[in-house]
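Trainee: Shown below is the structure under consideration.
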């Protein structure tokens, strides 16, 4: 039996086992997916511990996505640029790090038939969640990428390696019509479901609204967007997509789209 798992600090609410167990079943993989709750005292020994336990692959969540990078032998290009690893492969005694949030975001937009190349994207929030999204938009030839932050100068220092523009929320109020608005802030996430990062006036200026929050599935941001005729994309398929990509890395397989859809539909019932 192959051993896999999720590494983090507080993991009681994780949906990851359901994603991975479905992939195991549909692809006849004899696998076991565990939750590994790691205390901060042991954060410097994560990769070594995985090797000792015979773990073949692991997902990594907060607060260890950055800390684990120093412990890896090889890190993928996208993970280096993003500055975070959320997937580890142990193979032939070596450890490899990837960022599958990058691929999960891409899968989510592809499924929703949102074209990136030649279009403009405004990204709300300058936290860690924005990095994989900015990198994917850059690599996919978006015409214009604008990061919207409460502190524009701080955001510029933090994201200066990206070929993007910067804007304050006040400046966002004055823009003309654009293509897509992406929320990477925790606004609207349970239990603060009544919060939204931008005004309805701003939302009306876009054609597409994307929210990486998936609890609830339809945030106040997406509800406002839908009511104003925008195409809306919820964040649940990004979660599914990043998990599926991890499985493809670990097991050298190509997961069928029907499996992805079944996982999405099963998880959707939770919210």
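Glycine is treated like the rest: Cβ placed from N, Cα and C.
Positions annotated as active site, proton acceptor by Swiss-Prot: 65. According to Swiss-Prot, the feature shikimate binding site maps to 14, 15, 16, 61, 86, 101, 214, an assignment based on sequence analysis. What Swiss-Prot lists as NADP(+) binding site is 125, 126, 127, 128, 129, 212, 235.
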Trainee: Between any two of 125, 126, 127, 128, 129, 212, 235, the residues recorded as binding NADP(+), what is the biggest Cα to Cα distance in Å?
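Mentor: Binding-site diameter by Cα atoms for NADP(+): 17 Å.
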Trainee: Hey, of the binding-site residues listed (14, 16, 61, 86), which one tops the CB count within 10 A?
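Mentor: Counting Cβ neighbours within 10 Å, the top one is 86.
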Trainee: Within a 10 Å radius around the Cβ, which one of these binding-site residues has the most neighbouring Cβ atoms: 15, 212?
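Mentor: Output for this query is 212.
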Trainee: Do me a favour and check the Cα-Cα span between residue 214 (shikimate binding site) and residue 235 (NADP(+) binding site); whole Å is fine.
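Mentor: Answer for this pair: 5 Å between alpha carbons.
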Trainee: Which number gives the other C-beta atoms within 10 angstroms of the C-beta of residue 126 (NADP(+) binding site), all protein chains shown included?
Mentor: 23
Trainee: Measuring Cα to Cα, how many Å separate residue 15 (shikimate binding site) from the residue listed as 'active site, proton acceptor'?
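Mentor: Rounded to the nearest whole number, the Cα-Cα distance is 18 Å.
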Trainee: List which of the recorded positions 65, 126, 127, 129, 235 have their Cα within 10 Å of the Cα of residue 101 (shikimate binding site), in sequence order.
Mentor: 129
